[in-house]
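To start, the structure itself, in structure tokens.
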Amino acid sequence: MARAGRRPAPSTGKETPAPVSRHLPSERAVALRARLDRARLYLCTDARERQGDLPAFLDAVLAGGVDVVQLRQKGLEARQEMAHLAVFRAACDRHGALLAVNDRADIAHAVGADVLHLGQDDLPVAAARAIVGEDVLIGRSTHAPAEADAAADEPGVDYFCTGPVWPTPTKPGRAAPGLGLVEHTAARNPARPWFAIGGIDGDRLGAVLAAGARRIVVVRALTDAADPGKAAAELAAALPPA
């Protein structure tokens with residue numbers, strides 16, 4: 001404790017400036033979040049090994065209006081996944097879309113992904129951040145109101161998904177919380193972007209929008225479409241501005 005009556009030392013004019021916060025977002029992070037804010041249509045797809053048309057498929061759906069594309073294919077070895085993601089990265093760069101990696105923070109970092117998406121049982125967000133850094137967006141899957149509420153406020157999360165709205169073969173055995181979860185999330189009106197997911201296609205889109213969603217994730221609506229580019233354009237045109 002300073003003694004009573006002691007005056008502070010005179011200024012030398014060489015005081016050390018206050019340290020700059022390490023948590024200030026970089027230009028890349030700011031730009032990615034701005035693009036995420038505008039995103040409305042998010043696609044999860046496998047690597048199209050059966051069809052053998054991955055580059056053409058990606059060009060078609062991205063030109064049609066997909067804003068974010070994620071490679072989601074369980075069971076890939078790391079080298080296989082990275083090889084496929086190089087094709088995704090090139091397509092996203094051609095079309096100005098965001099590239100998302102599912103689950104694997106190490107692979108997201110290695111391939112220069114824009115987005116890492118985490119499930120409820122994946123790495124904690126803080127651990128994922130330690131791997132990918134601050135210049136990668138992180139998303140969360142949520143399947144219940146409490147999970148959606150937590151993701152809306154969780155530090156380090158940039159967006160989250162709610163669903164599945166309808167049962168889907170991509171998540172066998174998972175109960176679908178339905179439109180009620182979409183309505184719950186919309187009523188909460190979170191500040192960060194969120195997407196409805198699970199069994200959504202052109203025929204069901206109206207019900208999802210009526211429940212309050214403004215952004216969607218799709219799978220089979222595009223991966224099984226006879227004309228994926230046209231299907232993407234129709235979905236994008238039906239979505240309201242983000």
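Counting starts with 1 at the first residue shown.
Including glycine, each Cβ sits where the backbone N, Cα and C put it.
Curation does not apply to TrEMBL; its annotations are automatic.
Per TrEMBL, these features apply:
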- Gln70, Leu71, Arg72, Gln73, Lys74, Asn102, Ser141, Lys171: 4-amino-2-methyl-5-(diphosphooxymethyl)pyrimidine binding site (BINDING)
- Asp103, Asp122: Mg(2+) binding site (BINDING)
- 41-222: domain 'Thiamine phosphate synthase/TenI' (DOMAIN)
- 1-25: region 'Disordered' (REGION)
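Everything TrEMBL records as a feature, shown here on the structure.
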| residue | record | CB count, 10 Å |
| --- | --- | --- |
| Gln70 | 4-amino-2-methyl-5-(diphosphooxymethyl)pyrimidine binding site | 22 |
| Leu71 | 4-amino-2-methyl-5-(diphosphooxymethyl)pyrimidine binding site | 22 |
| Arg72 | 4-amino-2-methyl-5-(diphosphooxymethyl)pyrimidine binding site | 18 |
| Gln73 | 4-amino-2-methyl-5-(diphosphooxymethyl)pyrimidine binding site | 16 |
| Lys74 | 4-amino-2-methyl-5-(diphosphooxymethyl)pyrimidine binding site | 8 |
| Asn102 | 4-amino-2-methyl-5-(diphosphooxymethyl)pyrimidine binding site | 22 |
| Asp103 | Mg(2+) binding site | 18 |
| Asp122 | Mg(2+) binding site | 17 |
| Ser141 | 4-amino-2-methyl-5-(diphosphooxymethyl)pyrimidine binding site | 22 |
| Lys171 | 4-amino-2-methyl-5-(diphosphooxymethyl)pyrimidine binding site | 18 |
Cα separation, Asn102 (4-amino-2-methyl-5-(diphosphooxymethyl)pyrimidine binding site) to Asp122 (Mg(2+) binding site) (Å, whole number): 10
Inter-residue C-alpha distance, Asp103 (Mg(2+) binding site) and Lys171 (4-amino-2-methyl-5-(diphosphooxymethyl)pyrimidine binding site) (nearest angstrom): 15
